[in-house]
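Before any comments, here is the structure.
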Amino acid sequence: MYIKPITTELPITLSKLSFGINVDDVYLTRIKWYKNHTLIADNGPPVILPPDRFKLWGNGSLEVVRVQPPDTGEYMCEVIRNEPWGPIKQSHAIEVLHPPSIESDPAKSDPASGYLEVKLGEEVRISCIGKGVPNPVITWKRNGKDLKLINNRHFLSFSAADRYLAGKYECIATNGVGEPATKEIQLKITYPPELTTMKSWIHTAPGFRAQLDCKVTSDPSSQVIWYKGNNPINSDNHRVLLFGDDEKYSLIIRNVQRSDFGIYTCKAVNEIGEETLEFQLSGVPNPAEFKKSEEKNVNSETSYTLIWEVDSFTPIIEYTLWFRPHKAQLNHHRSDWTKLTIPTEHKTNSGYTYSKLYTIRGLKEKTAYEVLLLSRNRYGWSKASPILKFSTAGADETEDIVTSVETETENILENIGSIRSNVEVQPTKRQKQLGSRRAVGNMAAFRYTHAIVCRIPLSLRTRGEIELEEAKKQHEAYVRLLRELGLDVIELPPDETLPECVFVEDTAVICNGTALITRPGAAHRSKEVETIRVVLKKELDLPIIEISDPNARIDGGDVLFTGQEFFVGISEWTNEAGARALAAAFPEYPCTPIKVPESKHLKSFVTMGGPNLLCIGAGKEAQEVLKRMEREATFSYQTLTLPEDQAANVLYLNGTLVHRTIEEIPNSFKVFSEKIDYPRRCINISQLAKAASGLTSSCILVKRTKHIRNL
């Protein structure tokens, strides 16, 4: 007789399991137990004892202790009765549930370390064999994100066709029992160098500085070599410099010579392969850019006024302007194109941006046109500008559109062929007024709207023989003068715990509306920096750059900005790491470290007395500093040598030179009077000077259009 089977699911954590059969007078019967049809226990005769962890009780039940996965199976109890009764059988299907685990397939060469490295293009195979009761479900992730459409696969196989497929791959086995099991493989894909750049065509001119930047991405890292033509470049002199880190490699040429023009190549090589990127260093102008006019009535029924700008380090000689009705076919009706040769006025400019206003006349009414422009200087013709599409009054297309696709411009130039050339007649008086002109050099670099100052604390009297009340009066006059020169002055309250808080210059460097927070060489001044950071960020709303190198030290008094480049004094308070941090903060400008006597800042010897004018002391140390600057400078400057060294620290702002009074610098005062032909103001700072302070020390100058309230 068979009794209905019993199925039981048990967690692996179960410590004891008993199962049996209800039979009257069981002690008068013989009981046998089978597992998967194999006899494992019999109360005899003969007696067969059960295996380890199993116990046969007197009532015929079978007990299992410390349940384990191998205990899963079909157990059958057979009760043998005396005649005339037949045996009774009952089955127990036992399934021991246990959490998932993951096994690797040795045949798939899964790394035991969890780290897998392949070359770009090679096959990637990762196994994930799940074990557990019930069978686990397999899911996959990459860098923490689910991989769709590959769930419940025990193997992941793909081609490493892209280096971005590298990352952390994770398989998760889940069966509802206990915690999921996971396996992680960190996949690394090695690949040959990949080279990119923001600019492959670099405009320059003799006497200027040129920088070629080559971004190198590779794994493993690459060796980078620069070539001029077919010849490797060695940084064997101070004029040609090579810099590089893990990604960015730069070729810097100081004091460019005409022989430096040409083709340069950045070549990167690693174990996987190599790549090259070509650059061109040229003296021809940058492509022109058409500008929108802010004036009304730039277009009429038969004319249109164009405005464009061209960057060129050498004067523009002429322009050629090509125009035709829009939507003309590129390879059809070549005569549709009209060429105008437009001369420039022979005018000396102090900047390097040339602008031009020109009116095309004799156009068709209600017609759309397209136009492009080329510019020529002494070194040749520029590349073509992007195409500008414009319309005369009344046309359907009224919005000017610049098409910046270079291939379209080049295709047009290739198909222009021989076109009639019309020489422009003399410009009108209005055109002369608005015509060719360049931006006013670096004059704008010394235009400011705000100044940050800090009132004098009583604790300043600890610094030398300072007469505190007189120092306060001089500082108040200093602040009034800044306001008279058009600055919105933010005055900070004095902090008695910071005797030097009045000398705010050292705490930040401001350039082009961005603030670099310094790391003063004197550690006790770090609290001053925190105060200035709050003002710059919350009051002036300036972008802030922090110095990440913990070894960098830099004081604002060691930073001289000429409007074209930075000089950084390497002194007792500023080191080369600080100079590198400044160069990284303002990469658009050359940055040159200059060794100065340790007891003084760079601006103790030299400051800017006007656009391109260096004010320098006549002393031996000052003249040695000047020689170093002239030797290392990217640009050339005029110098004004002053008999008293302390007179060299001046303020030039908003077109006015501020220097010290005749009582303080009698001989230099005379030099200023004779040599400077633009507005001057003088101020007495004799008391603050006793603390080795200059005119630049007590303010931070900022150019900002937003109105800021005083603190």
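From the backbone N, Cα and C atoms, a Cβ is placed for every residue, glycine too.
Per TrEMBL, the feature active site, proton donor maps to H601. Here TrEMBL flags C699 as active site, nucleophile. What TrEMBL records for 100-190, 193-282 is domain 'Ig-like'. Marked as domain 'Fibronectin type-III' by TrEMBL: 286-395.
Sequence-distant neighbours of C699 (active site, nucleophile) (same chain, 6+ residues apart, CB-CB distance under 8 A): A451, I452, V453, Y478, L482, V504, E505, L651. Residue counts for the domain 'Ig-like' (100-190) under DSSP, helix first, then strand, then coil, are 6 helix, 50 strand, 35 coil. Predicted-model confidence for the domain 'Fibronectin type-III' (286-395) is 81, expressed as mean pLDDT. Within 10 Å of the C-beta atom of H601 (active site, proton donor) sit 27 other C-beta atoms, taking all shown protein chains into account. Note on the domain 'Ig-like' (193-282): DSSP counts are 3 helix, 53 strand, 34 coil. The residue listed as 'active site, proton donor' falls outside any helix or strand according to DSSP and counts as coil. Note: the domain 'Fibronectin type-III' (286-395) comprises 3 helix, 53 strand, 54 coil (DSSP; helix = H, G, I, strand = E, B).
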